[in-house]
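Visitor: I have a structure I would like to understand better, so I am pasting it below and will then ask my questions one at a time.
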Amino acid sequence: MNRKKLKVSIVAFFILVLLLPTHLSAQITSNETGVHDGYDYEFWKDDGGGGTMVLNSGGAFYADWGGGINNILFRKGKKFDETQTHQQIGNMTLNYGVNYNPDGNSYLTVYGWTVDPLVEYYIVDSWGTWRPPGANSKGTIHVDGGTYDIYETTRVNQPSIKGNTTFQQYWSVRRDKRTSGTISVSEHFRAWEAHGMPMGNMYEVALTIEGWQSSGWADVYHNELIIGR
C-alpha cells in the first residue's frame with residue numbers, strides 16, 4: 001500500500017470512530033441505578049438468584065433472570081424530584097414494544113412511585129403464569145383499545161423508596177395481554193383518583209420487567225416516554 005492510500009485509510013478510520021454512537025450498551029448484574037442515554041434506569045433484586053440487564057440506546061434494554069431468584073426488577077424511564085403532581089408535570093404517554101418470554105410469575109408493566117401519599121403503582125399489560133394482584137376489582141378503565149381492571153392493595157412493613165414501611169399499591173391490569181402499543185399513563189392516574197385512590201408527588205415512571213420466583217427474558221426494543229404532549 002502506498003503512502004497516499006495509507007493516509008486515506010487512516011483518515012477514513014478516524015471518521016468512522018467519530019461517527020460511532022457514544023451510548024454503547026452496558027451490562028449490569030448487581031443492584032444499580034443511573035442515567036443512560038437520556039433515561040433513568042434501575043436494576044434491583046433481593047436475595048438469591050441472578051439476572052442481567054443490558055442497557056441499549058434510548059429507553060431500550062434487555063433483561064434475563066433465573067437461578068432461584070426471589071424478586072427482581074429491571075426498568076428504564078424517568079425519575080422526578082418529588083415536588084410535582086402528575087397534573088403539574090403534564091400528560092404522560094409511553095410507546096413500547098417487547099419480546100417477552102417469562103417462565104413463571106412475571107409482569108410487563110409501567111411502574112413507579114409517588115410520595116405524600118407513598119404509593120407503588122403498576123399498569124400491567126402482560127404477565128406470566130399469574131394475573132396480579134389477586135384482589136377484588138374497584139372498577140375498570142377503557143383505554144388504548146382495551147379494558148383494565150383497577151385494584152388497590154396494602155403492603156405492611158415492606159421495602160419501599162422510603163425504607164421498610166406500610167404503603168398502598170395501585171394496579172391497572174389489562175384483561176387481554178399484549179406486548180406492544182401505547183399506554184396512556186396519565187389516563188390511569190386520573191382513573192385511580194376518580195376511584196378514591198389519591199396520587200402524590202411523582203417519584204418515577206418507568207417501563208419495567210419484574211420477576212417473582214421465576215425465570216425468563218425480555219427484549220425491550222422500543223420504550224419511548226412522552227411528557228407534556
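These residue numbers are counts, starting from 1, taken along the chain as shown.
Using the three backbone atoms N, Cα and C, a Cβ is placed for every residue, glycine included.
I grabbed these lines from TrEMBL:
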- E120: active site, nucleophile (ACT_SITE)
- E210: active site, proton donor (ACT_SITE)
- 27-223: domain 'GH11' (DOMAIN)
- 1-26: signal peptide (SIGNAL)
Visitor: Looking only at E120, E210, the active-site residues on record, which one has the least crowded Cβ, with the fewest other Cβ atoms within 10 Å?
Guide: E120
Visitor: How many Å lie between the Cα of E210 (active site, proton donor) and the Cα of the residue listed as 'active site, nucleophile'?
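Guide: That comes out at 14 Å between the alpha carbons.
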